[in-house]
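Per Swiss-Prot, these features apply:
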BINDING   Ser11, Lys43, Ala76, Arg90  substrate binding site
BINDING   Ser11, Phe12, His19, Gly91, Leu92, Arg93, Glu101, Trp126, Gln127, Ala128, Leu129, Ser130, Ser131, Ser132  ATP binding site
SITE      His19  site 'Transition state stabilizer'
Amino acid sequence: MLTKIGLYTGSFDPVTNGHLDIVKRASGLFDQIYVGIFDNPTKKSYFKLEVRKAMLTQALADFTNVIVVTSHERLAIDVAKELRVTHLIRGLRNATDFEYEENLEYFNHLLAPNIETVYLISRNKWQALSSSRVRELIHFQSSLEDLVPQSVIAQVEKMNEKT
């Protein structure tokens, strides 16, 4: 039987509970999942890559079929081919996400027609949540409870101690 391997990518700057919900749900659908931290060339990162990887790895520690990977200046579809991924996993919060993902899927399919894209719709609880909003809350030192995993809260507290 074919092993189903998924790749869920994002900048995870920082990882949110919405991201974790997608991973949790996908982990039951796939034999193995790679969670890939990619830099978005159109955005300046708030957290350094190694910090994002540490927060994400800690947040996903209980998942036995999930591996965190990073990539610099490469297309996710190229990394997917290298990892022998069978499916790309994408989370959709709203129509704007869908339009973006629809365009991305078109090009991914051109580059790797054998890799399918699977979309998981965000639960209502997480549809308004984004890393951008979390960064805004961090800037104003607002509570992050119920929005991000403890690894992110601990990192933010550590950063606040230094200032």
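Just so it is clear, glycine is given a Cβ too, placed from its N, Cα and C backbone atoms.
Note that this is a predicted model, so its numbers are computed, not measured.
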Please state whether DSSP places Gln127 (ATP binding site) in a helix, a strand or coil.
coil
Ala76 (substrate binding site) has how many other Cβ neighbours within 10 Å of its own Cβ?
19
What is the Cβ neighbour count of Arg90 (substrate binding site) at a 10 Å cut-off, with all protein chains included?
23
I need the CA-to-CA distance for Gln127 (ATP binding site) versus Ala76 (substrate binding site), whole Å please.
24
Using a 10 Å cut-off on CB atoms, tell me which of the binding-site residues Ser11, Gln127, Ser131 is the least crowded.
Gln127
Whose Cβ, among the binding-site residues His19, Lys43, has more other Cβ atoms within 10 Å than any of the rest?
His19
